[in-house]
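Asker: As annotated by TrEMBL, active site applies to D:D128. Positions annotated as substrate binding site by TrEMBL: D:L75, D:C76, D:H77, D:M113, D:E114. The domain 'Molybdopterin cofactor biosynthesis C (MoaC)' annotation in TrEMBL covers D:15-150.
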6 protein chains.
Amino acid sequence: MGDFTHFDDKGDAHMVDVGEKDITERIAKAVASITMQPETLKLIQDGTAKKGDVLGVARLAGIMAAKKTADLIPLCHPLALTHVGVEFTVHNSDNTIEALATCKLKGRTGVEMEALTAASISVLTIYDMCKAVDRGMIISNTRLLEKSGGKSGSYKAS
Amino acid sequence: MGDFTHFDDKGDAHMVDVGEKDITERIAKAVASITMQPETLKLIQDGTAKKGDVLGVARLAGIMAAKKTADLIPLCHPLALTHVGVEFTVHNSDNTIEALATCKLKGRTGVEMEALTAASISVLTIYDMCKAVDRGMIISNTRLLEKSGGKSGSYKAS
Amino acid sequence: MGDFTHFDDKGDAHMVDVGEKDITERIAKAVASITMQPETLKLIQDGTAKKGDVLGVARLAGIMAAKKTADLIPLCHPLALTHVGVEFTVHNSDNTIEALATCKLKGRTGVEMEALTAASISVLTIYDMCKAVDRGMIISNTRLLEKSGGKSGSYKAS
Amino acid sequence: MGDFTHFDDKGDAHMVDVGEKDITERIAKAVASITMQPETLKLIQDGTAKKGDVLGVARLAGIMAAKKTADLIPLCHPLALTHVGVEFTVHNSDNTIEALATCKLKGRTGVEMEALTAASISVLTIYDMCKAVDRGMIISNTRLLEKSGGKSGSYKAS
Amino acid sequence: MGDFTHFDDKGDAHMVDVGEKDITERIAKAVASITMQPETLKLIQDGTAKKGDVLGVARLAGIMAAKKTADLIPLCHPLALTHVGVEFTVHNSDNTIEALATCKLKGRTGVEMEALTAASISVLTIYDMCKAVDRGMIISNTRLLEKSGGKSGSYKAS
Amino acid sequence: MGDFTHFDDKGDAHMVDVGEKDITERIAKAVASITMQPETLKLIQDGTAKKGDVLGVARLAGIMAAKKTADLIPLCHPLALTHVGVEFTVHNSDNTIEALATCKLKGRTGVEMEALTAASISVLTIYDMCKAVDRGMIISNTRLLEKSGGKSGSYKAS
């Protein structure tokens, strides 16, 4: 197991130099899940179909957050993302909504943090919109699903 | 179980009117946890003591993110937070770091989302700084611990 | 007709001192309209009912833009808005959608610019989402409808 | 007339994938106009020549707003603009000031929204600076004048 | 000499709790100076009178930067400034322009950092606009001139 | 000595067109210094070694500020920086800490303003963290050390 790249030889934080890396297509997919009361999930599902579109607001929040990643994560590079998408899957069996965020870039560094940020802010927005009826919602299983492009190659979560 | 307050009578999203609410002290505490390989945790612990202060960077990211909450969560009110703090607890037993964020405000609306955002961005920053050595880290158990102040009274997670 | 308040005695721009003004409830309503091809309007109306919710996205964009007003308009004061809402009215007779933005604040200065910014960004977002099918859309009649609160009293557009 | 590109197959909003588009020079020009009382226009014209430079402030606001477009318009791509300019033309005949914004990019997507945002924020800033003397100003005729570059080719408003 | 307030008992950074502080009028004045070639100063002075208003742009940049202080300085509280002004004094004797920034707030914490940020960004903007003709400009003597309001009382630089 | 490039033929500010410039590696180094009481410097040095890491916070603030340069300096181009680093040197002889910022880009315009902004915000953050014990700190000698890349060639401060 190697060393952290976000620190220089003296152990000080820096935004690592990616100038020599190749411009390739970078893709990352990340997920985050939020678990709630069955009544809360029902309200969301009713709303999406009829009125009060919680998931529509949460999707947009996630897409916009991906564009703010370099503002939020101190050592992330500013990137000109070419694509951001957020999809929700409702799991009625365990009262959970999963957000899957996909980010793409033609650039010199990966977009894992952008996908993770999009997924995280999407489910936080669901929390915000439903917290008046259910404060005990829990966000879990936020992780990178897969990434491709760049020198470190592809990764797929087991 | 009531209705969602973030939608008006027609079901359209709005930033709910809090002008008639009282100015009281609002406090919220939220947590988020990140689980990693034991080697990764060891690198972080070594770094904090010696060089490469992952948790110092992550703490600052969380504090700054709390101030950006209204930019990230579409229907949150802009707030003049009076305090933000982020504390980390390392659980060696399960290779997990827990971030506990505390936010305070003298204002008309609660600061739950600010605390949740601070905790979430803190652990996402840990992910960012360690991802070169451990892509499989998982963030979980992101939730509101407690809140006080305001008409809806106090809440404490069970 | 008086002088511009946004310049000091020497004619230099400044953010005018509102520290001596009273904290009162400030309300402002502003509108902006966008005119398009009848086919474009039909696509939007179909989408809102079924899929591709142009107005839902545009509404959220307007609400979020209201919170960024002090970042956009150089001499505006940063404000802790207590309410933002955006409503759309479709005028099929002239293929126009009107955005009506309402902003509220308990504070020392008015929220006219916040309402105008919300309305403007809402219709610009409609333009963005429809421009692939109709580049000739025109935005017009962006103006303050009414405001109340503060020393200068109430205003109602004629 | 085609479909909206800002929604995916399921009708959900996304930031459309432009990764396969060519990097070409993109240029867009957009205008917005603000109509006011003749006395207001005279104050602006006096100020520009002598003191209280309304148009200088408004021009800068427009240029800076172009750089914030991806923050304001939810599904816009973040872009590294290579040029932004804003020019004002005073029409004394109808007490109107027209802002013409020009944006350029070497990139994968057009800059129409950047030009429209720059023009819109420029005239909103004029409103802000003059509203103490003239609340009834009206912004109109905000539209794309022309664009070139990219697969969809050139466009010129009729 | 006391301890740093920006760290808690464990030595970790936090945004210090100001919730118990009184709301009083806070005023701060800060300066920053930039020294240049005599020809550069002459170009600026000619421009301000005739065309190419370097100081007008720099003033606006300083005012807008004051509003971004909490975004830039990690442990600063977000504040609703009631006034920002920036004045320039040209010292021909030593080819220096001094920016004096004044910030005001009715609030729970001081505005020293806002004034220092406004002054600093003002002179950095002068550097930006003149760097094509004079890369060797030097910024110096950036400091707090005076502040008043709050428990720590008034301060005046010696 | 030439003319200012940030104004067009009419003397109006614009973001200069860099579309025809070559993409080359741009590097800039800039410094800023802050002078304080010997006791203050001792507190910082103790803290860095033990607890209360002033320089760690200041370094991060500088790195993040570099990414905000185009938001702060009105006519700067938005850039996708490939590297940002900030190093501090403590000069005990004159109670001064010097921040050296290095920025890199593969792009069409230089990164001098990014390096100057990073260095400036780093030392302003030191001021913020120490101001409770030493309000009289002075920032000086903020300047470009060297730059390379681009048509105007290399520069090295004498």
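Quick reminder: no glycine exception, Cβ is built from N, Cα and C everywhere.
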Asker: Of all the Cα pairs drawn from D:L75, D:C76, D:H77, D:M113, D:E114, the residues the record ties to substrate, which distance is largest, in Å?
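Answerer: Between the outermost Cα atoms of D:L75, D:C76, D:H77, D:M113, D:E114, the distance is 13 Å.
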Asker: Might you list, by sequence position, any residue in that chain lying six or more from D:C76 (substrate binding site) with a Cβ less than 8 Å away from its Cβ?
Answerer: D:M15, D:T69, D:A70, D:M113
Asker: Summarise the model confidence on the domain 'Molybdopterin cofactor biosynthesis C (MoaC)' (D:15-150) as a single mean pLDDT, whole number.
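Answerer: Looking only at the domain 'Molybdopterin cofactor biosynthesis C (MoaC)' (D:15-150), pLDDT averages out to 95.
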Asker: In whole Å, note down how far the CA of D:H77 (substrate binding site) lies from the CA of D:D128 (active site).
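Answerer: Pair distance, Cα basis, whole Å: 28 Å.
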Asker: These are the recorded positions: D:E114, D:D128. Which one scores highest on other Cβ atoms within 10 Å?
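Answerer: Of the recorded positions D:E114, D:D128, the highest Cβ count within 10 Å belongs to D:E114.
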Asker: DSSP secondary structure for D:M113 (substrate binding site), reduced to helix/strand/coil, please.
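Answerer: Where D:M113 (substrate binding site) sits, the three-state DSSP reduction gives helix.
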Asker: Identify which of the binding-site residues D:L75, D:M113 has its Cβ surrounded by the largest number of other Cβ atoms within 10 Å, counting every protein chain shown.
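Answerer: Of D:L75, D:M113, the one with the most crowded Cβ is D:M113.
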Asker: Compile a sequence-ordered list of residues in the same chain as D:H77 (substrate binding site), six or more apart from it, whose Cβ lies below 8 A from its Cβ; state 'none' when nothing qualifies.
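Answerer: Result: D:M15, D:V18, D:A70, D:R108, D:T109.
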Asker: As a quick check of your reading of DSSP, tell me how many residues in the domain 'Molybdopterin cofactor biosynthesis C (MoaC)' (D:15-150) are helical, how many are strand and how many are coil.
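Answerer: Tallying H, G and I as helix, E and B as strand, the rest coil: 51 helix, 45 strand, 40 coil.
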Asker: What recorded positions from D:L75, D:H77, D:M113, D:E114, D:D128 have a chain A Cβ less than 8 Å from their own Cβ?
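Answerer: Cβ contacts with chain A under 8 Å: D:L75, D:H77.
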Asker: Using Cβ atoms and a cut-off of under 8 Å, determine which of the binding-site residues D:L75, D:M113, D:E114 neighbour chain C, and list them by sequence position, or give 'none'.
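Answerer: Cβ contacts with C, in sequence order: D:L75, D:M113.
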